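What Swiss-Prot says about this one:
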- LYS46, GLY53, ARG54, GLY55, GLU99, SER102, GLU107: ATP binding site (BINDING)
- ASN199, ASP213: Mg(2+) binding site (BINDING)
- ASN264, GLY321, ILE322, VAL323: substrate binding site (BINDING)
- 9-244: domain 'ATP-grasp' (DOMAIN)
Amino acid sequence: MNLHEYQAKQLFAEFGLPIPEGYACDTPQEAFEAAGRISTAKKVVKCQVHAGGRGKAGGVELHDTKEGVKEFAQKWLGKNLVTYQTDANGQPVTKILVEEASNIANELYLGAVVDRATRKVVFMASTEGGVEIEKVAEETPELIHKAAIDPLVGPQAYQGRELAFKLGLQGDQIKQFVKIFMGLGEMFTQYDLALLEINPLVITGEGNLLCLDGKINIDSNALYRQPKLREMHDPSQEDKREAHAAQWELNYVALDGNVGCMVNGAGLAMGTMDIVNLHGGKPANFLDVGGGATKERVAEAFKIILSDDNVKAVLVNIFGGIVRCDMIAEGIIGAVKEVGVSVPVVVRLEGTNADLGRKVLAESGLDIIAAESLTDAAQKVVAAAEGK
């Protein structure tokens with residue numbers, strides 16, 4: 001689960017990290033009043049969406065007057081912001097962050113992520129702030145400095161000092177950096193984060209450190225024990241189909257193809273998408289119904305797939321291990337009858353009760369195309385999607 005910038009900064013403040021004075025606003029009038037409370041001559045106004053590239057898309061501006069701030073809010077609130085990280089429809093803007101402009105002398109990068117290779121939280125720091133860390137890693141990897149956090153003892157002050165030295169910080173800046181580093185380390189584990197970034201972490205003209213931007217991603221598997229963070233969830237930033245799928249414990253990712261896919265198991269789902277591509281098709285989604293699929297979940301999966309108007313055919317690929325193929329077949333039949341499927345449906349069943357599942361489908365009287373193998377299924381669904 002992602003957080004907005006203003007929410008990330010709320011957590012930063014909770015751990016004593018330095019942030020600019022700012023206010024999250026829901027209406028143009030609130031933005032106007034917030035601008036009046038900020039003492040700096042210039043105000044920064046930012047659209048709050050779960051995507052990067054806001055500045056280049058016009059979603060971040062600098063204004064001298066309260067009226068300018070209000071006009072910006074009027075322009076964007078209720079609209080969609082399209083950036084290079086969104087799809088063509090963009091992300092809806094429901095909040096505007098109004099904050100004081102900062103006197104920036106230098107920009108740094110500080111982030112943390114779970115490193116699966118070392119099984120530790122790894123902090124990354126760089127003097128190349130304000131740009132994408134992926135670009136820095138590709139072009140100048142020697143400018144990224146790392147510190148791995150031992151899960152038994154947590155972040156240590158000496159690690160923060162080492163990073164500060166490598167960033168060229170001096171005097172009181174080192175103390176400030178260590179405080180930020182220690183606070184982020186505590187926050188990462190306490191709130192079950194998967195990723196956090198401060199980009200940029202700036203050095204102001206007065207020589208102080210300031211968290212100018214914030215990005216936080218929370219491990220969704222841990223949300224059950226993070227009620228405070230659950231309340232920060234913004235469903236407006238999610239694909240409606242993905243949000244619906246999550247309610248039914250379905251793993252769904254919308255894509256831009258025309259072949260709907262329903263599979264049990266993430267690996268098989270990825271393999272199914274690959275073989276559809278191999279035979280000239282384009283998957284419309286990734287959908288894993290999981291090992292504990294029920295008839296109800298299968299029916300909901302069908303509804304979600306068919307809610308995409310681009311879907312011209314559906315491929316159901318089930319390997320019966322934990323889940324029984326006959327139960328999946330009953331779910332398919334129920335969904336087809338309930339939803340009124342008007343596109344071709346290709347079904348490949350293998351494993352537990354596969355023969356019984358195929359028999360159930362054959363006796364249903366529905367126009368369902370049976371496939372003997374994965375290759376056969378891919379060829380048939382691609383042909384069906386093309387109207388052949």
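The backbone N, Cα and C atoms fix where each Cβ goes, glycine too.
Structure with Swiss-Prot features highlighted.
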residue : record                 : DSSP class
GLY55   : ATP binding site       : coil
GLU99   : ATP binding site       : strand
GLU107  : ATP binding site       : strand
ASN199  : Mg(2+) binding site    : strand
ASP213  : Mg(2+) binding site    : coil
ASN264  : substrate binding site : coil
GLY321  : substrate binding site : coil
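Counting Cβ atoms from all protein chains shown, ILE322 (substrate binding site) has 13 others lying within 10 Å of its own Cβ. For GLU99 (ATP binding site), the nearest neighbour among the binding-site residues ASN199, ASP213, ASN264, GLY321, VAL323, judged by Cα separation, is ASP213. Cα-Cα distance from SER102 (ATP binding site) to ASP213 (Mg(2+) binding site): 12 Å (rounded to the nearest whole number). Of the listed binding-site residues, namely SER102, ASN199, ASN264, the sparsest Cβ surroundings within 10 Å are found at SER102. Around the Cβ of GLU107 (ATP binding site), the same chain contributes GLY129, GLY130, PRO200, LEU201, VAL202, ILE203, LEU212, each under 8 angstroms and 6 or more positions distant in sequence. The two recorded residues, GLY55 (ATP binding site) and ASN264 (substrate binding site), show a Cα separation of 40 Å. Taken together, the residues of the domain 'ATP-grasp' (9-244) have an average pLDDT of 94.
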